[in-house]
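If you look up TrEMBL, you'll see 14-32, 39-66, 78-96, 291-314, 334-353, 362-384, 396-416, 428-444, 464-483, 504-528, 716-739 marked as transmembrane segment. Feature annotation from TrEMBL assigns domain 'Piezo transmembrane helical unit' to 34-154. Per TrEMBL, region 'Disordered' is recorded for 155-182, 205-224. Annotation source TrEMBL lists compositional bias 'Low complexity' at 213-224. Per TrEMBL, the feature domain 'Piezo THU9 and anchor' maps to 289-526. What TrEMBL lists as domain 'Piezo non-specific cation channel cap' is 641-803.
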Amino acid sequence: RMFHDDELEESEKFYVGQPRVLLLIYALYNTLVARSEMVCYFVIILNHMISASMITLVLPILIFLWAMLSVPRPSKRFWMTAIVYTEVAIVIKYFFQFGFFPWNKHVDYTKDKPYHPPNIIGIEKKEGYVHYDLVQLLALFFHRSILKCHGLWDEDEKGDSSSNKEDTDDELSLTGGRRGSSASLKSVNLAASVESIHVHFPEQQTAIRRKSSSSISQLSHRSSFSSHRSKRDIFKNINHITLSLYFLQCKLCAIKSHCGLCCFRTLQVYMPIRQFFYNLIHPDYSAVTDVYVLMFLADTVDFIIIVFGFWAFGKHSAAADITSSLSEDQVPEAFLVMVLIQFGTMVVDRALYLKKTVMGKVIFQVILVFGIHFWMFFILPGVTERKFSQNTVAQLWYFVKCVYFGLSAYQIRCGYPTRVLGNFLTKSYNYVNLFLFQGFRLVPFLTELRAVMDWVWTDTTLSLSSWICVEDIYAHIFILKCWRESEKRYPQPRGQKKKKVVKYGMGGMIIVLLICIVWFPLLFMSLIKSVAGITNKPLDVSITITLGGYQPIFTMSAQQNQLKSLDPSEFNDFLRSYRGNTAALQFLEGYAREDITRADLEGNSNSLWTISPPSRNKMIQGLTDFDADFTLVISWTIQRTLEEVYPYYIKAPSDSLAKPIKQLLKDCKWENITVSLVKNASEEWWVLNQLGKRHKTSHESLELFIFSDKVSPPSLGFLAGYGIMGLYASVVLVIGKFVREFFSGISHSIMFEELPNVDRILKLCTDIFLVRETGELELEEDLYAKLIFLYRSPETMIKWTREK
C-alpha cells in the first residue's frame, strides 16, 4: 500500500483498544479542539452575563458583528484584539480594587444599585472580580495554541500575499478587511501620479478557464459566471482606484494641516469596516445554507420565556403571574412591550428570509445587536431596579438571543438559499412530521399569518385567494401522503380483523377523552374546592337592625377574638343536634370543622341612638299602633320581643352575597331576639339579646354561625370563576363542535380524501413552488390552472391518483 506506516497503524490499534471511558474523554477533547472558537464565544458571553458592565460589553458585540461574520473564520487581528483587550480589562479591574478610591468605601450600600457608575463601568470592588476574565483569557490562549498547532495563526498574512499576486497593481486593496490601513498606506508613493495607477481586468483568466472546460454545459455556466465575476472585479478595481486617490489626497492634506490628519485617521478606521461589510454583502463565493428554522425556534423559546417570566422585566412584579394579571383584565406594560418587540423581530426576520436580502439582514443584525444590548444592560436594570446579573430570567433570555445572533451571523456569512420550497415540516413523510405539521396548523392565526406574509414578500402572479388555495391543497395532499406512506410501512392484510391492541388503544383513548370532556366541568367544580380548595374564614361580621325605616337602632361588629372556631367536641355536639334532620345533615356534609366560625357580638350597640325628636315620636306612635306591621309587646321601657327575625346560621359563599341557612333552623324559622332602649340623663342606646343561644352567657349578646365555602386556588380562579354553566358553554360546546365536524360530513369529502396515490398532485404543487422561485411567473399561472382543473374534474382526479 502507498504511504503505509507501521507506527501509525500501531498507534491507531493502541487507541482503539483503550477503555470506552477514555475514548469518550478523547472524543470530548477532540470536540473541544475542533470547536475551540465556540468555547471562546461561550466564555465571553458568560463573562458578560455575570459581570454585565461596559468593560465586558465590547467583546460580545465584536463577536456578533466581526468574528462570526468573517469568512472563512475570524482573523488573527480579532483574536489578538480579544486577548489584548482581556488583559487590559484585568489590569484595570485590579487597579480599581484598592480602597483609597471614594466609591470603594461604601461597597455594601452601592453594590446592588444598577446605575451606580462603577457598577455600570465594571470597576466596582467585589470578591472574585477577575475570575471569569481569567477563564476567558485562558480560553483565548487555548484557541491560539490550537491555531498555531494547525498552522492557521499566520494564515492572514498568507492570504494577503496571495491576494497581492492577483491584484498586483492595486496596492491599497482592502479585501476581507484583514490588512491594516496603515500598512497599505505605507506602500503609497506620494510622488505617484494618477497615470501610474492601472486597472487589472481578469478577462485573460476567464478565457483560460473557458478553454480548459470539457463540457458544453460547463462552458456556458462558467462563461456566465466569469463574465459576472469580471464585472464585479471591474467594479471593485474602479472602487479601489477611487479609494487610492482619496487616500492619497487625504495623506497629502494630513501633512499640511491638522484637520486633514484627523480626516485621514478617521478614514483609516472607517474604510476597513466599510470594505469588510461590502465584501460580506458581495462575496466572491457563497456557501448557501438555511438556518431560518433554528432562528425561528430560538425566537420561539424567547417568546415562551417572556410569557412565563414576564415579571422579571417589570418593576415590583416579582410575585406576579400572567394568569392572575390577565384574569383581572390587566396587561402589564413590560409584558406588552416585550411581546410586541419579540413578535415584530420575528416578522421582520421572515420578510428578510423571503426576500433573500443579505444587505437587509446585515443592517437588521447591526440594529438588533446594539439595540438588544443597550436595552438589556442600560434600560432594563433601571426599569426593574436590580442589576442584570441578579435577574435570572433576563439572563436566560439574553443567552437564547445570543444563540439567535450566532445563527443570524452564520446565515449572513453563508448567504440565503436560492429557493424556499414549502414548510420545513413537510420535508419527509412520517408520523413525526405529520403530527407536528397538524399541530402547527392548529395554532390560531399562525397558518393564516404565514400564508399572507409569504404572499406579500414573494414574487408571484397569483392573487391572495389563489395563493391560499394552493397552500391548502398542498397541506391536504401532504397529510394524505403521510397516511399513504404509513400504510405502506405497516400494511394491513385483506380480510383480517383489527387487533385488540389497536381497537382498545385508539378507541379506548378516544372514549376516555370524550367522557372526560363531557364531564369535565362537573368534575372540575367538584374537585377544585373539595380537594384543592382553600378555607376562606370571615374577618368581620356586622349586624345592623332598623325599625320602620328610621335611623338604625343597633349596629355591632365582631372581629378577631370575637370570631372563634369550633373545637372538636363542640363540632361533634353540633352534628349530633341535627341527627334526625336529613336536610341539615346533607348540607353539613360539604363543610369541615375549620369552615365554621362562631361570631360573638356584644349586645350593647356600639353607637349612640341619635334620632331627632319628631322622628322619635313617629316611631313611638308606630310601635304603639297594633294595626301596624310591628309585632311587638310594648312597655314603658320600650322592650319587645322580635320573633323570627334573626338568622342564626349564615352561609358565606365565594361571592359577596351571604345567605341564611334554612336547613339548620328549626322548622325553617329564624331565631328570636329582644330589643331594649337604655338611656341615662343625656344619652340613649339600644341593647339586643338573643334568645336560645347555644353558648349560654349572662350578659346581653348575639351569636352567629358562619359557614364559609372553600374557594379555588388563585392560579385556577380565572377558570373556576366561569361556573359550571360557563364551562359547559365555553369549553364543552366549543370542543364538541370540532369533534362533530370530525365525525359528520365525511361523505362529502370522500372524493378528496380517499386518494390511493398522491405523488403526482404533490409533484404538481412542488413544481408551482419551484417555478415561482425561479421567476417563471407565466408557467406558475399555467400550473395553477392545471391544479384547479384537476380538482374540478373528478374523472381526471381518479386517473391521476391511481396506483402505478
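Cβ coordinates are placed from backbone N, Cα and C, and glycine is handled just like the others.
A quick note: this is a predicted structure, and the numbers were derived from the prediction, not measured.
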Thinking of Cβ pairs under 8 Å, which stretch from 39-66, 334-353, 428-444 has the most of them with the transmembrane segment (291-314)?
334-353
Just to be sure I understand, if DSSP states are collapsed into helix, strand and coil, how many residues of the domain 'Piezo transmembrane helical unit' (34-154) fall in each?
82 helix, 0 strand, 39 coil
Sequence-remote partners of the transmembrane segment (14-32) [C-beta within less than 8 Å, at least six residues beyond its ends]:
39
Contact set, same chain, for the transmembrane segment (39-66): CB under 8 Å, 6 or more residues outside the stretch
32, 74, 78, 81-82, 85-86, 89, 92-93, 119-123, 132-133, 135-136, 139-140, 142-143, 276, 365-366, 369-370, 373, 377, 381, 387-389, 395, 398-399, 402, 405-406, 408-409
Local confidence of the domain 'Piezo non-specific cation channel cap' (641-803) - pLDDT mean:
75
